[in-house]
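Contents: one structure, followed by commentary.
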Amino acid sequence: MSQPANMPRWASLWLMPLLNLFAALFVSGLVIALIGEDPVECLKLMINGAFGYPEGIGYTLFYTTSFIFTGLAVAAAFHAGLFNIGGEGQMYLAGLGVTLVCLQFDYLPAYVVIPLAMLAAIVFGGAWALVPGYLQAKRGSHIVVTTIMFNFIASSLMTWLLVDKLRMEGSQTPATREFAQNAWVPMLHELFAPLGFELPNTPLNASFFLALVALVLFYLVVWHSPKGFVTRTVGLNEKAARYAGIPVDKVVIAVMCVSGALAGLAAINELLGSTHRMNMGFTNGIGFVGIAVALMGRNHPVGILLSALLFGALTQGGLDLSFEKPAITREMIIFTQGLIILFCGALENLFQTPLSAAFKRMLKNQ
Amino acid sequence: MAELAIELIGVNKHFGEVHANKNITFGVRKGTVHGIIGENGAGKSTLMSIIYGYYQADSGTIKINGKAERIRSSHAAIGLGIGMVHQHFMLVDPFTVLENIVLGAEGGMTLDGSLAAARTHLQKLNQDYGLQVDPDAIVGELGVGTQQRVEILKTLYRGADVLILDEPTAVLTPQEADDLFRILRLLREQGKTVILITHKLREVMDITDDVTVMRAGEIVGQVRTADVTKEDLADLMVGRKVNMHLDKAAAVPGEKVLGVSGLNLVDGRGVALLKDISFDLHAGEIVGIAGVSGNGQSELLEVLSGMRDATSGSVQFKGQELVTLKTREPKAAAYRKLGIAHIPEDRSREGMVKDFMTFENAILGYHDDPSVRRGFLFNRKAIIERCRRFIDEFDVRPALTHRRIGLFSGGNQQKVILAREIHANPDLLLIGQPTRGVDIGAIEFIHKRLMQLRDEGKALLLVSVELDEIMALSDRIIVMNGGAISGELPAAEATATSLGLLMGGHK
């Protein structure tokens, strides 16, 4: 018997993640002070970089888009009790699907090639998660171990393909040729220009709306559909799932496929929205940030939107900051991200005991 | 007034907003067997945990042998001569009895010395209390009754003068329980004090000297056992008049619903869990399966509900063979659609998802039914309306559709499950331990409801370790022992003794 926490729901949903976030920022500030910079000034620069001017906001939302997809991927698996750490590899492989479609078919009109590329992202990302899912369901191989290993396999496979097979002829860079414009997902500033809105030129593209749709669909499926019901039952109580006649192994495999497909959609944002070609290592840790996004967002779409926005702002604000302050390198930003993951994920309940004690005192005094 | 071994004065304990123990004041006389009874959630376990040092009281005084003490850990409690025998034994199966007893009280650098000393000490204890336990037996190979005696020996070895036993007869046959009571009487004669936590009134009447009755965290009665009747105690526990007698009309069995013949189940290691089980079940009758838990009843329910495949044999349900039935979906889902509903034995781990709301649990297993869907989404309104009907009809309290079911009491959880399974209008209802962990008020309700189902012409298969329940509800009783049927008899002819013998495997 454990003592029930004395905390109102709003406090555990909002106050705790915020406290964790502030703790992470505080420690980051200490380190920044240690290397001789002014933490308050740095924070101001970062916020300004992320939200202070139109281009900044565009970039922030562009990064947010990818984080929403990889965050949803982790959350989907989580609801079935699975910890999918393979978002990075699944996104990478989805990128391969997108690339193959674009290299072959980018002479076709946009309304054919873009849906085709999206389908390829879903199929390739899903398939890369299918194997660990199958191994978990049928062979009991732990999903954490297999998905991690699949990240490495994906990385090696893609290196080989990009160096030996897909590299643009006559180039030394491990990257494909640029895709034809037909395959580019329209930029937001292009979309809004005819309507008379002048948006800055940023990689923010229509995938952002796709991400928002995915958030809404995620909510409906998980909490308002039999499929989500079955998934959550498997995640919360496998024995009850068997009692209820739910095919647990099929659910595990299916959910992993959905999870991989969601991670795969992040590749659309990156490849067809921004770079318009496949580069080696284009995933750049986005799959891993998805874990933090899901943890901090409590696997709920609203939380995921907010935490994806936070990490998007950190990425963009951090880049701006490192331009302004040479002492603050890209590694420093990754360090801050790491601290946020540490405080929000691993040390999630750090403040629970003192906080619930505080609430208890408050209730007594009333 | 005799000297008090334990005395509590004004003890309070809160868990958050729950006031688990309210101003508890009572004493346990030295050298007596003291019963503590109360419904689930009445605060018995919390109270014992305070005495045994698991929890600290928020306020109040605890006196051991007349001296006020602060018991900060179970270690401290043992030091004060208090021992506890838990409902779930805390034994290491591959160890011998002797090793288990020394465990935690080894002393010294090497084991040999303490083992030899323990052996001598143990033999004396064995003799003094008539425990008859072989110190060199492997604990895992001993019967449940003997394992319990090892637990008792363990506490005595650590010098306990006060023994707390938590629901000790839950896992015993009636004969084994008698044996336990014989030992408890011996302990009393030797001057030990025994605190017996139970919900079985028969046992309280049988063995205790004093009874303390708890309800909703408070003590509502402290009496000498000799001065009261079973009915008095039941009324005190529930706080109102309880009709303990079930009015049962004679069964009118109809056509055969279930025909089991030659059913076998062998697990992966080659152990036979079900051996040649054969019986029939008709519409409008309740067949009870009695037996000490772990003798194949659970496996039988699992096979009949489709959660597990039989190795061989036949199960005919309404003329359809189930064992060889090929289904695309899991069998549990297929059987449910054929008209077999199942109230699982392990309610909290199988029958529901604790973190789900009431309304979500109200459709578990029926979540694919067209009546709860609208396209690819749920028809949330229909589900909540259905849940609301369940709550009204079965008097679920608190009457909330949006509350995690894990927060309800056992009885109210069971009502939701029962309502859900009955709603499907099944021909066959498999019921495992319908009233385990359920308070008396709800037991009465659940029993009446099951009788009503029988009278409506349903076939009910009831598995329970509570003999009283089996005898009260069943029309026929099948006894299982070691995975096989050891006897079958009409309920009218069954007595605790005749059933007990069959449960022990004597034909």
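Just so it is clear, glycine is given a Cβ too, placed from its N, Cα and C backbone atoms.
Database features (TrEMBL):
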TRANSMEM  A:12-36  transmembrane segment
TRANSMEM  A:56-78  transmembrane segment
TRANSMEM  A:90-107  transmembrane segment
TRANSMEM  A:113-131  transmembrane segment
TRANSMEM  A:143-163  transmembrane segment
TRANSMEM  A:204-222  transmembrane segment
TRANSMEM  A:251-272  transmembrane segment
TRANSMEM  A:278-295  transmembrane segment
TRANSMEM  A:302-319  transmembrane segment
TRANSMEM  A:331-351  transmembrane segment
Out of A:12-36, A:90-107, A:143-163, A:204-222, which stretch has the largest tally of CB pairs under 8 angstroms to the transmembrane segment (A:331-351)?
A:12-36
Counting Cβ pairs under 8 Å that are 6 or more apart in sequence, does the total for the transmembrane segment (A:278-295) and the transmembrane segment (A:113-131) reach three or more?
no
In the same chain, who gets a Cβ under 8 Å from the transmembrane segment (A:143-163) while lying at least 6 residues past its ends?
77, 82-86, 88-90, 92-93, 95-96, 128-129, 131-133, 135-136, 174-176, 256, 278-281, 287
Within-chain partners of the transmembrane segment (A:204-222) [C-beta distance under 8 Å, separation at least 6 from its ends]:
58-59, 61-62, 64-65, 68-69, 72, 75-76, 79, 185-189, 191, 228, 231-232, 262, 265, 268-269, 272-274, 300-301, 304-305
Grab the same-chain neighbours of the transmembrane segment (A:251-272) for me: Cβ-Cβ under 8 Å, and only residues 6 or more beyond its ends, written as numbers and ranges.
62, 65-67, 69-70, 72-74, 76-77, 79-80, 82, 84, 86-88, 90-95, 97-99, 102, 114, 117-118, 121-130, 132-134, 136-137, 143, 179, 183-185, 205, 207-208, 210-211, 214, 230-231, 234, 241, 278, 282-283, 286-287, 290
